[in-house]
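Colleague: The annotation ATP binding site is assigned in TrEMBL to Lys16, Ser175, Asp176, Thr217, Gly218, Gly219, Met220, Ala221, Thr222, Lys223. Residues or ranges marked as substrate binding site in TrEMBL: Ser56, Asp143, Asn155. The annotation domain 'PUA' is assigned in TrEMBL to 280-364.
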Amino acid sequence: MSPRPEIAGARRVVVKVGSSSLTSLPGGLDEPRLAALVDVLGAVHAQGREVVLVSSGAIAAGLTPLGVVGRPRDLATAQAAASVGQLRLVQTYADAFARHDVTVGQVLLTADDLTRRSHYRNAQRTLERLLTFGVLPIVNENDTVATEEIRFGDNDRLAALVAHVARADALLLFSDVDGVYDGDPRQGPAQLLDTVRDPADLGEVSLGTARRNGVGTGGMATKVEAALIAAQAGVPVVVTSAAQAAAALAGDQVGTRFAVMGPRPRARQFWLRFATRPRGRLHLDEGAVRAVRERGASLLPAGVTGVAGEFLADDPVELVGPDGVVVARGLVAYDAKELPPLLGRKTSELDPEYRRELVHRDEMVLVRRPSLG
Ligand SMILES: Nc1ncnc2c1ncn2[C@@H]1O[C@H](COP(=O)(O)OP(=O)(O)O)[C@@H](O)[C@H]1O
Ligand SMILES: N[C@@H](CCC(=O)OP(=O)(O)O)C(=O)O
């Protein structure tokens, strides 16, 4: 049996590959490296496994054709590069996968596509249908239209969300480094972590940001954060290099494995916890924190001491304790401007139209803060 049966046996896999494995700043797209990855994924597809590829590299691939040297400093240049580069990237993939008789489809997502519940379900249906057709979807962030505020920013997190949206059995994050080390291996000797079972296992680990002169964005920190999201959502993860892709997909003992850290949450719970972006905050008193955290209660106006942010009814908000720690996230039942007169008041004192919960229990997830992020 393979050392990692949960990966070897995964029927549907999301594979994420970073810019650093496909491109270089001076050279643009590295076609031989891209073709090598496609050979591995083509073989996996031929075994009857379903693959969703989340590929970075659009911005880096667009720099050479535009004559831009170095990492773009402004968003508009990055977006122009992505516009040119995404086309080249996907065309190169399409040609390479055609040699394996695999049809690819392009899926460009903005953060809004996953933060809005209706869009999330739409993305889910589209991915499902593509896979039913035997198509290999290639996902990237829609960089050309995403503004600074609504960007996912890094494809590692996007890949973790896609793993859930696509109901994947495993997530593989491929980079230019062969796993998570206890310190940046480029800075000095470091030890490879074989398995992470709990966020606490990473307590002593230093996760640098990506190299400044490199093409990657988040370094190991964003990969670890993404791996924890997936693992906490019941999806096993391996972080390793693109060069080890075949071995990783076969379930060999390469890279760093993140064991599943919890049961798969219901889609709505996962969406609330990881995909939504809070539009505001409700400040809770001690009693409300206990009620929400320990008694599984809904949040009532009586336990709320303050409101921050401009949100509308049904927007996601954070519930924050007196110590500033986020206790939960939920969909609020009122517009922000309706709230000040309700705060601290008992339900029985309120007009009937304001007697519903501020955040209903069914619309809330508790936030257990991992030691990172
Ligand atoms: N603890 C660590 N373990 C492994 N790599 C690390 C660590 N800390 C920082 N890194 C760096 O993270 C880089 C990978 O991140 P990045 O360049 O963003 O990759 P990608 O483009 O594949 O997303 C590696 O090249 C490595 O130097
Ligand atoms: N969407 C961007 C990549 C963003 C990103 O996360 O890059 P990386 O850290 O290399 O995975 C692009 O295609 O250039």
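Keep in mind that glycine also has a Cβ here, set from the backbone N, Cα and C atoms.
Where in this structure would I find these features, and how exposed are they?
Modeller: Classification of Lys16 (ATP binding site) by DSSP places it within a strand.
For the recorded site, Asn155 (substrate binding site), the DSSP three-state label reads helix. Counting every protein chain shown, the number of other Cβ atoms lying within 10 Å of the Cβ of Asn155 (substrate binding site) is 28.
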Colleague: Quick one: give me the count of other CB atoms within 10 A of the CB of Lys16 (ATP binding site).
Modeller: 28
Colleague: Quick check on the binding-site residues Ser56, Thr222: which one has the highest count of other Cβ atoms within 10 Å of its Cβ?
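Modeller: It comes out as Ser56.
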Colleague: In Å, rounded, how far does the Cα of Lys16 (ATP binding site) sit from the Cα of Asp143 (substrate binding site)?
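Modeller: Cα to Cα, Lys16 (ATP binding site) and Asp143 (substrate binding site) are separated by 16 Å.
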Colleague: Measuring Cβ to any atom of ligand 2 with a strict under-6 Å cutoff, which of the binding-site residues Lys16, Asn155, Asp176, Met220, Thr222 qualify?
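Modeller: Asn155, in sequence order.
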